[in-house]
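Quick look at what Swiss-Prot lists:
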BINDING   38-46, 205-211, 236-239  GTP binding site
COMPBIAS  627-642  compositional bias 'Polar residues'
COMPBIAS  791-816  compositional bias 'Pro residues'
COMPBIAS  826-849  compositional bias 'Pro residues'
DOMAIN    28-294  domain 'Dynamin-type G'
DOMAIN    515-621  domain 'PH'
REGION    38-45  region 'G1 motif'
REGION    136-139  region 'G3 motif'
REGION    205-208  region 'G4 motif'
REGION    235-238  region 'G5 motif'
REGION    626-647  region 'Disordered'
REGION    742-863  region 'Disordered'
Amino acid sequence: MGNREMEELIPLVNRLQDAFSALGQSCLLELPQIAVVGGQSAGKSSVLENFVGRDFLPRGSGIVTRRPLVLQLVTSKAEYAEFLHCKGKKFTDFDEVRHEIEAETDRVTGMNKGISSIPINLRVYSPHVLNLTLIDLPGITKVPVGDQPPDIEYQIRDMIMQFITRENCLILAVTPANTDLANSDALKLAKEVDPQGLRTIGVITKLDLMDEGTDARDVLENKLLPLRRGYVGVVNRSQKDIDGKKDIKAAMLAERKFFLSHPAYRHIADRMGTPHLQKVLNQQLTNHIRDTLPNFRNKLQGQLLSIEHEVEAFKNFKPEDPTRKTKALLQMVQQFAVDFEKRIEGSGDQVDTLELSGGAKINRIFHERFPFEIVKMEFNEKELRREISYAIKNIHGIRTGLFTPDMAFEAIVKKQIVKLKGPSLKSVDLVMQELINTVKKCTKRLANFPRLCEETERIVANHIREREGKTKDQVLLLIDIQVSYINTNHEDFIGFANAQQRSSQVHKKSTIGNQVIRKGWLTVSNIGIMKGGSKGYWFVLTAESLSWYKDDEEKEKKYMLPLDNLKVRDVEKGFMSSKHVFALFNTEQRNVYKDYRFLELACDSQEDVDSWKASLLRAGVYPDKSVGSNKTENDENGQAENFSMDPQLERQVETIRNLVDSYMSIINKCIRDLIPKTIMHLMINNVKDFINSELLAQLYSSEDQNTLMEESAEQAQRRDEMLRMYQALKEALAIIGDINTATVSTPAPPPVDDSWLQHSRRSPPPSPTTQRRLTISAPLPRPTSGRGPAPAIPSPGPHSGAPPVPFRPGPLPPFPNSSDSFGAPPQVPSRPTRAPPSVPSRRPPPSPTRPTIIRPLESSLLD
């Protein structure tokens, strides 16, 4: 791929970096970059300055770079620099750039030589650079100097690893040529995070400072300690050159001259030097960006989809539009009306699967809670019979009656009908509360405008309470109507004749066949206590029995309990218990289950308890209304009189009891039918009509429109941030989409072939030229190395390591014949047992025979 295409591609990433850095998202997005890693005084700063063509990085002894420097190089006709923290300010004097880097470093890290992982973003525009993005990291050091913290080595290592462990970060490992390459900290760190060598580019500096008679040809030809992407050699300015004001241009010319004139490098001069390093880095970065963009695009699209639904309500919002408030108010009231109706009437669109809607809860009130409250109020048999007995006796007075008085029937019936007011009014209260809860949920969409939300909720809630009063009046009127006239000619009323015939019979509940009424999970709490813990079972309620199974597959039945003579009662919630409990018991004092008189069943909520009670009621299991233990004297007298009733009075009581039961069943059916209809008409439908027709007018009349449509500061900020993020994501995806599809990437180089190491051990003595370069070499690998075969063990084949690939021919010694290459023992078999040659310390004048590039066959870098 040509330089033109590279120049088009890499600025896209710079634009992405700027777009998200401004939003504080740079730390979340791993964009392709090149991290420069090396020891202190390895020449990292000089390499970067050669790219820019200017002196702009701080220099000094010890640790100078204490924060990562994100350096973006941009080709431009003008030459200047910009910092992200000083956006808009152009630095044309690069001495000021150096001072700003030092000042910004001190602002975060202080003056105690500490470090920080917060990057400094610097963009340099120049006609002398190619488009590159690099990160200059602090130099690797091991011993703290001066007032550096004791753990400075680990701090620097952690910070470097924070950058180079990213899969989309290329590593520029800088190593001086006059040090031991096998012990390069930069290469070791790169090898640790990039064992395949796909992300590592080696840079050899200070080639001009090597001792006389030595060179780095084998390293630069990628023969010694090879890297998959190879090495590039550079020659930087010395401190003497810098002090002598030698400019970058002159240094580049001197570098070019050095490679062309050096006998060991002239044949590879076109692949050496800072200009070639720039091109290599550009090519590698471009390839890496192209490989990363598909995953990056998917990540951006995922973020875009996650906020798109919220942004949909924001993106058409235009504060500068004078009519926006009227339009927004109208749309929000309409949406509120639609949401309210959907929650009440139900809708197949966007069904909530987590909780019941307002309409579903009102349905449960109508058909489960209200009937249950009626039955719970109605069935108190002993008290009812006592009241009938008193009514008969009081009507007869001093006389002895021969016939059953119908006035006693009317008195008892009217009293029972009046008792229906309690459950009826309670159902109105429950429905009102559900309507208000529904309104609160619907106004959440208006949360962008707190005043509008508050006013809407207030107006609708006030109307609901107003309708509640009128609905209660109508409910009381309906019950009073029933009390006003007792219609004994009703077609379903049994009449006196039938009541007398049934007076001697025991009243039995009517069954509805053996159909399944309800299924669900319940916890048997009292049995579980005896056996070490409560257990959950799958219960099936029919019209005749209550069965429970091990699970909802209903294969293993645990027990079947007949419903005859069963009643249900409430059980107080236990201490520290989150369960709601009710109990079943037998009215004839028999055991319900094995040795247990009560069967206590637990639910997760009171709603579930009420629902199960209503289902049991449908099956004929009525609630028990226990009579208090503290009885008054009148109760005791009345109870005594009940025991002393004569047979005639007993027959009259039973007759009226049957008449009351028959007539109240008619009234109950009527009330259970009319009360929900009354609530629906006077309350629910009226509230819906009010919201559709009058809410908007009342909002306009209640407050000024501008006041209603004022956004909260938090919402305005959130909306702006959401829209800005949305636009940034759209722009980022558009930038990625702009990449020329015709561009192609250079494929990654194959794994390096280290089979030449095997051959070199078996080769005849090298030529004098080669001998000069290999005067002193490092020892061969120890025979006990755990990461490679021992030297004494012959290799199974010439290609036992990485797959063999063609490599650049160099002045390698001639290979022995093939019969020798497998059978001959390694050259110098006693070499592994010898201590490595000592490296004398640098002191003037340097020893002409001192090795500069030590070439150990380090298994940690070769495997």
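Cβ atoms are placed via backbone N, Cα and C, with glycine included.
Distribution of Swiss-Prot features across the structure.
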| residue | record | contacts (Cβ under 8 Å, 6+ apart) |
| --- | --- | --- |
| Gly38 | GTP binding site | Lys44, Gly139, Ile140, Ala173, Val174, Thr175, Asp185, Ala186 |
| Ser41 | GTP binding site | Gly139, Pro176 |
| Thr205 | GTP binding site | Ala42, Gly43, Ser46, Val47, Val174, Thr175, Pro176, Ala177, Gly233, Val234, Val235, Asn236 |
| Asp208 | GTP binding site | Val235, Phe258 |
| Ser238 | GTP binding site | Leu209 |
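Across 136-139, 205-208, 235-238, the stretch most heavily in contact with the region 'G1 motif' (38-45), judged by Cβ pairs under 8 Å, is 136-139. Mapped onto DSSP helix, strand and coil, the domain 'PH' (515-621) counts 19 helix, 49 strand, 39 coil. Following the DSSP three-state reduction, the secondary structure of Asp208 (GTP binding site) is helix. In the three-state DSSP assignment, the secondary structure recorded for Ser238 (GTP binding site) is coil. Neighbours of Asp211 (GTP binding site), defined as other CB atoms within 10 A of its CB across all chains, total 16. There are 27 other Cβ atoms within 10 Å of the Cβ belonging to Lys44 (GTP binding site). In the predicted model, the region 'G5 motif' (235-238) shows an average pLDDT of 82.
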